[in-house]
Amino acid sequence: MAGLHNESEQEPLLGDTPGSREWDILETEEHYKSRWRSIRILYLTMFLSSVGFSIVILSIWPYLQKIDPTADTSFLGWVIASYSLGQMVASPVFGLWSNYRPRKEPLIVSILISVAANCLYAYLHIPASHNKYYMLVARGLLGIGAGNVAVVRSYTAGATSLQERTSSMANISMCQALGFILGPVFQTCFAFIGEKGVTWDVIKLQINMYTTPVLLSAFLGILNIILILAILREHRVDDSGRQCKSINFEEASTDEAQVPQGNIDQVAVVAINVLFFVALFIFALFETIITPLTMDMYAWTQEQAVLYNGIILAALGVEAVVIFLGVKLLSKKFAQ
C-alpha cells in the first residue's frame, strides 16, 4: 500500500502561507513519518475489509444451496441484506466510539468481529439443521465488522492537510476498489480446490472452494490487528498541516495548536452520501443475482459461475481503479 502515496506525502509541510520566504516547520520529521505510517496501515485496513466482503460474494449462492437445500433465492436476498444492515447499524456506533476513545479500540474490535464471522462461515456445515440462518448471522456479523470503514475515513480526513486530503481519500477509495477486485480473484484461484476439497477431521473443518477464501480473510484480519497494535498512532492536523490536539490523542502535547472547527457544508455532505448510496445500490446487483442469473442463463456449473463471474468482476474493478487514478491526477491539476 505504500506505493499508493503521491508526491504530497514525500514533501515536508512547511510555511504558514504560500510564497513566504520564512518557512516554519509545522511538524517534526518523526511525527510526519509516524502519521503516514498510520495512514498507510488504514489503507491496508480498508483493502482487507473490501476483500473480506467480496471474497465470497460469487460463491454464497452455491454454498447456501449445498449446506441447506431448503434455501431459495428470496432467502439469498436476506443473506446479502444482512451484511448491509450490520454495517449500517455498526458504522455510527464505531464512529461515535472513535470520537471519544483512541481509534485503535473500535478498529481492533471490529476486525475481531470479522474474524469470528469468517470462522463461523467456515463451519456452516456443522449444524444439523437451519444452516441457512447461521449463514445469515455470519454475514450480518461480517457487516458489523465492516462498520470500521467510517473510522478509517474519518481518521484519514483528520490526519491529513488540505493539500494531502483529496489524494489520500482517493487512495482509500482505490484500496477499496482493489479489495473488490482481488476478492473475486482470490475466490477464482481457490475454485480448483473444488466443492469437496479435504476435511480436517480433528477440528471438523472442511477446506474447499467455499471455506478457503474466508479462512484466508480471517488470517489477514489477525495480521491486520497485529499491524494496528504495532504501528497505528493517533494523529490530527489542521488544513495547513499543523498538529492539533484531539480527544483521541494518547498523549497530548503542550506545543500543539488547538484549531477551531469550521462550519460543515451540510448540502455537500448529503450529496456525497446520496452518491455513495447509489453506487452501493448498483453494486448490490452483482452480489445478489449475478451468480444465480448466469447459472440459469448459461447453464454454468457452480464452479464455472465462480470462475467466470470472478473474471468479470475483476475487469470491472480494474476500470474502477483507473477512474480513481484519474481523480487523483485531476485533483492535483485543479488544486493548483
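Every residue gets a Cβ built from N, Cα and C, even glycine.
Copied over from TrEMBL:
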DOMAIN    38-336  domain 'Major facilitator superfamily (MFS) profile'
REGION    1-20  region 'Disordered'
TRANSMEM  41-63  transmembrane segment
TRANSMEM  75-95  transmembrane segment
TRANSMEM  107-124  transmembrane segment
TRANSMEM  136-156  transmembrane segment
TRANSMEM  177-194  transmembrane segment
TRANSMEM  214-232  transmembrane segment
TRANSMEM  267-286  transmembrane segment
TRANSMEM  306-327  transmembrane segment
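Contact between the transmembrane segment (177-194) and the transmembrane segment (107-124) is not supported: fewer than 3 Cβ pairs lie under 8 Å, counting only residues 6 or more apart in sequence. Between the transmembrane segment (107-124) and the transmembrane segment (41-63), three or more CB pairs separated by 6 or more residues in sequence fall under 8 Å, so the two stretches touch. For the transmembrane segment (136-156), the list of distant contacts is 38-39, 42, 45-46, 49, 52-53, 60, 75, 78-80, 82-95, 98, 103, 106-107, 110-118, 120-121, 124, 165, 168-169, 172: same-chain residues at least six beyond its ends, Cβ to Cβ under 8 Å. Non-local neighbours of the transmembrane segment (41-63) in the same chain are 1, 4, 73, 76, 79-80, 83, 107, 111, 114, 118, 121, 124, 135, 139, 142, 145-146, 148-149, 152, 155-156, 171-172, 175-180, 182-184, 186-187, 195, 209-210, 213-214, 216-217, 220-221, 224, 227-228, 231-232, 286-287, 290-292, 295, 302, 305-306, 309-310, 313; each lies 6+ residues outside the stretch with a CB under 8 Å from one of its CB atoms.
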